[in-house]
Each structure stands twice: as C-alpha cells, then as structure tokens.
Amino acid sequence: MRGSFLRLDQITGSARKTLNYDDPKVPDIVNNIYAALVIGPLVICYWRGTWNLMDRLLFPHDEELRMITLLVAGIGGHLLFMLLQTSLQRWLDVDERPVSFYLLSRVYTYIYGAMCVGTWRGGWILIDRYAPQSLVFFIEASIVGLLLLGSVQSFCNVAGAPFVNDSPDGYFDVPTYFKSKCGEEDHDQVSEVSGYTERSSMRGSIAGIEDGITGIPFKPSYHGLMLELIDYLYASLVVAPLVVCYWRGTWNLMGEYIYPSHMTTSLIVSLAIGIIGHIVFNIFQSTLRQYLNADKHRIAYYIGSRMYTTIYGAVCVNCWRGGWQLIDLYTTHDVLYVVLITLGCLFILACLKGVRNVMGTPFLIINDSRREYFDVPTYFKLTGSKDPGLYVLDCMFSVLVIGSLVVFVWRGLWVLLDLKLFPEDHGTSAWASIIIGYGVTGVTFSLQPLMRWTCDRLTGFWRVVVADMFLFFSFIGTINVWRGIWQALDTYFLPNEPLLSNWITHGAALLLLILLNCSNSVLVRGVYIDAEEPAGQCVVFPVYYIRLFFQKERKKKQRRLFDALERADLNSTGGVLQDKKHPHHQPHPHPQQQQQQQQQKEPQHHITADQNHQVIRNLEAVPLTIIDDPKSNGDHSSQAPRM
C-alpha cells in the first residue's frame, strides 16, 4: 500500500522490502539515511524551484491576482483528484496498461505536485498580505492551529514524511479524514418501530430537537395553517427581538466588567470562560439530568434549570465575544480578505455537514422542555459512559472546531454588512438590516413547502446541497434581523446611558423569556448534522410554540372525555351486576313478566356499552396531537401515537 505524503509511518524506522519479496530486508539505518539525505533534499529542491517559478511567471506584478489564481487552482485541483482517484485507478491499471500507467502516473504526480505548491504559495501570500506582522499573532495562530489539529486527532499532518515509494498499488490514493470513498453507497441502518422506519443516525435541528421519524404526516387545514402562521410571527416578532436584546446587553456588560482597561486581556478571559464553560456543560450534561430531575425534585429542578440557563447564556456570549473581537483585533477589515475567510469557513462547515449550526432565531424556538433541558449533542454523538477519553475529544472538537467555524461565518457576513450597508449612518443601516432580514425571513418561511417537496424527491449528495443552500439563505435573514435589532438598540435605546441600557436589555429579556418558557433560545450549544432527517424534514424549521399550547389543551379535553366514558361504561356494567347480585330485595314477579323485564334490560345495557366503546374507538382513531413531538424538525412524530 502506498503511503501518504503526510503519514509518519514512513519515518518510524520500519524496514522496507525490495521489489522481490524473497530478497532480504533493507536495514533500518540505511532506509532512514536514504530518506533523510537523498529523498528529502530532492523534494525541497522541487518545491523551492516550483515556488519561485510561480512568483516569476504567474502575474509577477499583481500579487493579489496571483494569490487568487493559485488558491483556486490548488484547492480545485485537490478536490478534483480526490474525486477522481477511484476512476484513475480503474483507467490506469498497471496490469492491463503498464506503459500508459508509467507515463501518465508521472504526469499526474507532476501536476498534483504543482497544485500542492500552488495551494501553499497562495495561502502563504494570503497570510503575509492580510495578517498582522506581529510575533504574538503568529505564536497564537500556531498554538491555536496545533490545538485544533490535536482535537481532531490530526496532529501528525504537520509533519511531512520525506520518503514515499512509487508503488503501483494505490498510486492514486488520496487519504481523507473520514476515510470515505467516492462511489460507495451509504447504508443507513433502518429499524421498524411501530409501523414506521427510523434512521439510526439522525439528528435534529440546532434547537436541540429530537430525531425526526417518518410517521403519519400532518394533514394541514385552515386551522393548522393559521396556527403555523401565528408561530412564525411569534418567533420573528417576540422571541427573536428578546434573544437579541439579551445577547446585546450581556455582550456589552462583559466589556464593562471584564478588564475594561485592557482589551486583549478582556477578550482572552472571555474566550477562556466560553471554551471551558462549553466543555464543562457538555461533559456533565448527564450528571445535571440525574440530579435536577423534575419528577423527583420539582422546585430544585425549576430553580437549578433557570440558573443553568443564566450561567450557560453568559458562557455562550463570552465565547462568541472573545473569539469575535480577537479576530477583529488581529485581522484586517479588507473586503476581499473577509470574503475569502468567510467562504473558506463556510466551505469547511459544508464538508463537515454542519451548515445548519449557523441557524438562530427567528428560525427556531427552544422551549424549556423538561426532557431535553440539559441535552448538548456533540458532533460524533459519543457518550461518556462508554469511552470517556473519546467523549472529551468529541466535546473539544464540537466546541473548538465547529463552534469556531460558526463564529467566523457570522462575523464575516456581519462585517460585510457593516462595510457596505450605509456605513456612515448607523440608524439607516439598522433599519435597512431589519427590512432585509424580515423580508428574507418571510420569503424563507413561504418557501418551506416547495423546499420540502423538493427534498422529498432528492437523495444523497444533492439533497444535502439543496438543504444547505436553503439554510444559508435563511441565515442571511437571521443575521440581518440580529444586526438590525442590535444596532437599533445601540442607536435609539438610552444611547446616553449605555450601562443602564445594557442592564435593562440583559435582565428584562432573560426574565421575559423565562416567563414565556423559552429561555433556552438564548443558548448556542450543541452540534447538528445537515439533512439527516428523513425526506423533506431537513428544511422544516423547529418553530413550535402556539401549536404546543393547543396541543396540550386538546389532550386534556380528550383525556377528560375518555375518563368520563370509561366511568359511564363501568357504571352501566356495575348496575347490571348489582341487579343480578341482589334479586331478593325485589318482589318475585310472574316468571313470564320477569323474562320480559330481563330481555328489556339486557338490550339497553348492551346499547349503552356499545355506544361508549364506539366513542372510545373513535377517539383512538383521531390523532390526539397537532404535533406529536414538538422537538422534531418537522411535523412528523418521533414516537408512536399513544392514548
């Protein structure tokens, strides 16, 4: 098997065989000296020459255009060769076409090598051009990069093995992170549960939603559509402004009370609070569920859960504030730089199937449900009970990698709006963002039926692509709503008393959200995977609030009617039994008259009992709920209907 350029197993001292497997092994010391003193310098010579030729021949007087060309050609070429590796192995089979393999494989290596050099050179120019030329910045960037690589178990990729043999076996292999091959089919584990199927690896939306399961579809009616519209308006006009108010007040208060005289220290402390807090709440979520159980200690649960939301909300805001403003402090606001970084982070999120994690209110409402109040899903969905070490790494990856990418994407689009949308007039800019945001929000909600119909008919890669495009379109509405409300508060709400303004928006918004039973909407926690719900549920937003109220009332009403019918049935049966049990209290009628009375009683009893049973059966046939599972990503239930 051909080794990878970045694998370390080639320099660990393992002896290599010659082409004839019967020959003796080459000694380790000879192998290592040959790799270090012969192959290594030759590779460096090739890279150095190609690097300098690109500088001299490719737009020598326009460094920015050269950078863009190299990055596009390098990244695009990498992706192309990764996708074509299976086809190349099939077309250039060394056993069938030995001459073609030898010639074209060397051409492949030369082109791929040039693309590798071009990618590195383009990225190098990008860093030199836009990053601050500060020793502290480069040290911090190196440490952060190493920590991120270590968290995803890819630390060894910083070392390039100096010796890779041109073996025909696996010549075109390009190892990827998840070791998946293009052309292999994904076999989803499907289980039959109460008449419907469930995918084994589904995950809900960003709101902490449970797995959506294909069940009995919800048939819309005018009443249902009206409730759905009210939910959308409630999420857009009530929950979203309150969440933005809380974040704006908390963000500014952190700046007032955490080392206000030293910005760098303040941001580092905020980032440390955010990262450590996220990891702690991720790791101890099962412990919190165990000790704050609403069924055992209702008062302790209510007080502890609201304290949890208050503390975790501050942790989320600190994490975003520290990362966001450190980027502002050490990077430039050049439009091209911001666009490239934002697109790059968005592309990485798409490759990790994590685009849905950029979502926020008004496209979700997280109700304070007792069942999932403390749940924080991680990227790989590991559990601490089976493998604590891997679970900690999973939590670190979810927080450090996915969370950082989401912050970069949010910050990039926000900065672009600051630069291009009435930058000289904050008031007009705020109103423009509000109009754009709510306009996009309305269009997005209106497009849900069409997008769901489309995703119902797509599978695999294209369903993920369509869902991600729709989610990104909704993200444009989300960030405009947030920016517009935030900037309007800064401009119009007690501008001369910022401390009081921040405390009011922080405290009043959190209190109202707690009273409305959706305080967890302020939390940014957990990692969710794109398009893992069945069919078109992946593009349905989890906005359920008013419908849940009607659902609970309907359940109560049907439960009372059901109990009344059961009591009536028991009473009618009990009356017949009582008559049969105490016949001596009544005078003995004539036998013929007694037979007639008995024949009259029995039909009446059977008619009453049959009517009661028929009503009960009718109730069982009618779905009890508008949404059987309010935490699902669509209108399908994740549990079998039950009475």
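Easy rule for this one: first residue shown is 1, then count along the chain.
Just so it is clear, glycine is given a Cβ too, placed from its N, Cα and C backbone atoms.
Where the annotation comes from TrEMBL, it is an automatic prediction and has not been curated.
As annotated by TrEMBL, compositional bias 'Low complexity' applies to 591-601. Taken from TrEMBL, the feature region 'Disordered' covers 574-620. What TrEMBL records for 29-47, 68-87, 107-127, 134-155, 232-251, 263-284, 335-355, 390-410, 430-448, 460-483, 503-524 is transmembrane segment.
Counting same-chain residues at least six beyond the ends of the transmembrane segment (335-355), those with a Cβ under 8 angstroms from any Cβ of the stretch are 64, 71, 126, 129-130, 379, 402, 405-406, 408-409, 412-413, 415-416, 419-420, 464, 468, 471-472, 527-532.
The transmembrane segment (263-284) shares more Cβ pairs under 8 Å with 390-410 than with any other stretch in the list 107-127, 232-251, 390-410, 503-524. Touching of the transmembrane segment (232-251) and the transmembrane segment (460-483) is concluded from the presence of at least three CB pairs under 8 A, sequence neighbours closer than 6 excluded. If you look at the transmembrane segment (430-448), the same-chain residues 6 or more away from its ends with a CB under 8 A from one of its CBs are 232, 236, 362-363, 417, 421-422, 470, 473-474, 476-488, 491, 539-541.
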